[in-house]
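Asks: Before I ask anything, let me first share the structure, which is written out below as structure tokens.
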């Protein structure tokens, strides 16, 4: 029996050696590009909220506080209304992700991604033309619905289309596009920072990535699993043949037979209540992991760092332009780390990257806290010299690198691959909803936490990183290389979760 810290031998779970074809690559690139809109929004928000014309128009009280010479550096931008601008998107995303479970089950993954793209596009246009707070928040809500739909559908699409052996690498593409969106947004913020209407350009250009991914989705087919679950057997066969290649007809028939078996369970599940099904004892391991992992991802502190990096860097002594450059460097390092993870994820596995990244992030959070403590102190009235400020940037870059190969991509990958088809749309929706809820809570409270906890805020996140690393060591089984429809075996062989699962594939 495998222990909590050991990999499981489930190589017999599937003997289908699906090849990488041009159709697989193109379909996965298009689906992964849904991450662009999420990343762009993460990157654009923090930069826009430091632009003087934006603050003058919508948040003059924040601008007044920032201009006061004796303001505590920890509390410069502590405004619930300002954070509401950023975090309102995630309330809408939470609602949309729950609705998306029904949409993906009834209309497919592809349709849900297209709907998300259109919704995000309209939200971007409203934000770019915003004349008051009401328009600004309304646009953010539409953006939230857009990312709620795409964040639910895209990871599932990738897990269902990618060959099992390379599922990790293809699924990480979603996180890579998120990071590319962040980097692009940082560059745009830097370019528009000095313009009077720069904030309008930054917010309005969110329509560009939305248009790119929406148009791309029009040219790909839905996943075979989704088509079968909706009773479209012939279309599923055609889609699978296109993805795997006509020269692999034997493997296609074998894989199709396995998908048909799984789809029958999904069709039967339509008559069952969502909560009744997913709360069954046999799905307890899936549910716990799918809820805990997105919560832990946000408790690393990475998203609030991405939102408020320009604010943070300005607080420790950088000017507006240098702060945006430092934020760009942070995003670029994260992207590089993500690209590295695509090359090693299916070799070293999920657990190793989770643990290695967790240790690195923990050390960096402690180091940043110590640095802030000895420079600006607990009162926040001290002055941080440029050398120390640069050190903070370096530490946060190392931290971002650790996140980029661990909790960044794997928090999207693991929940999308662990659920059986019967509850996969509902399970992924729940996981994404939890992610949005945690993001909202932390983004809404981060600036207040920084103001109240001072440098202790970084120790707070460090404590959570320690906790989540222990959780991975003890309770997360290895899933690399296992076909998604044979994933039940990892739970049946896990030292703890086996007590909840039955020795069947249902």
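Any Cβ shown, glycine's included, is placed from N, Cα and C.
Remember, predicted model here, so these are calculated numbers, not experimental data.
If you look up Swiss-Prot, you'll see 1-19, 477-506 marked as topological domain 'Cytoplasmic', on the strength of sequence analysis. The annotation transmembrane segment is assigned in Swiss-Prot to 20-40, 81-101, 117-137, 141-161, 168-188, 201-221, 287-307, 325-345, 352-372, 390-410, 430-450, 456-476.
Looking at the shown structure, what environment does each listed feature sit in?
Replies: If you average pLDDT over the topological domain 'Cytoplasmic' (477-506) in this model, you get 81.
Sequence-distant contacts of the transmembrane segment (117-137) (same chain, at least 6 residues past either end, Cβ-Cβ under 8 Å): 34, 37, 58, 84-85, 88, 143-147, 149-150, 200-201, 203-207, 210-211, 213-214, 217.
If you look at the transmembrane segment (141-161), the same-chain residues 6 or more away from its ends with a CB under 8 A from one of its CBs are 24, 27-28, 31-32, 34-35, 37-38, 41, 88-97, 99-101, 103-104, 109-110, 112-113, 115-124, 126-127, 167, 170-171, 173-174, 206, 210, 213, 223-226, 243, 412-413, 415-417, 424-425, 428-429, 432, 435-436, 484.
Counting residues 6+ beyond its ends, the transmembrane segment (352-372) has Cβ neighbours under 8 Å at 300-301, 316, 341, 344-345, 384, 388, 391-392, 395-396, 398-399, 401-407, 410, 454-459, 461-462, 465-466, 468-469, 472-473, 476 in the same chain.
Under 8 Å from some Cβ of the transmembrane segment (390-410) lie the Cβ atoms of residues 171-172, 174-176, 178-179, 293, 296-297, 300, 302, 305, 309, 313, 316, 326, 329-331, 333-338, 340-341, 344-345, 350, 353-361, 364-365, 367-368, 371-372, 384, 468, all in the same chain and six or more residues away from its ends.
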Asks: Counting Cβ pairs under 8 Å that sit 6 or more residues apart, are there three or more between the transmembrane segment (201-221) and the transmembrane segment (456-476)?
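Replies: Answer no: the transmembrane segment (201-221) and the transmembrane segment (456-476) share fewer than 3 Cβ pairs below 8 Å.
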Asks: Quick test of the contact rule: Cβ under 8 Å, at least six residues beyond the ends. What residues does that give for the transmembrane segment (168-188)?
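Replies: Same-chain contacts beyond the flanks: 24, 28-29, 31-44, 47, 154-155, 158-159, 161-162, 201-202, 205, 209, 306, 324, 327-328, 331-332, 334-335, 338-339, 341-343, 345-346, 350, 404, 408-409, 412-413, 416-417, 480.
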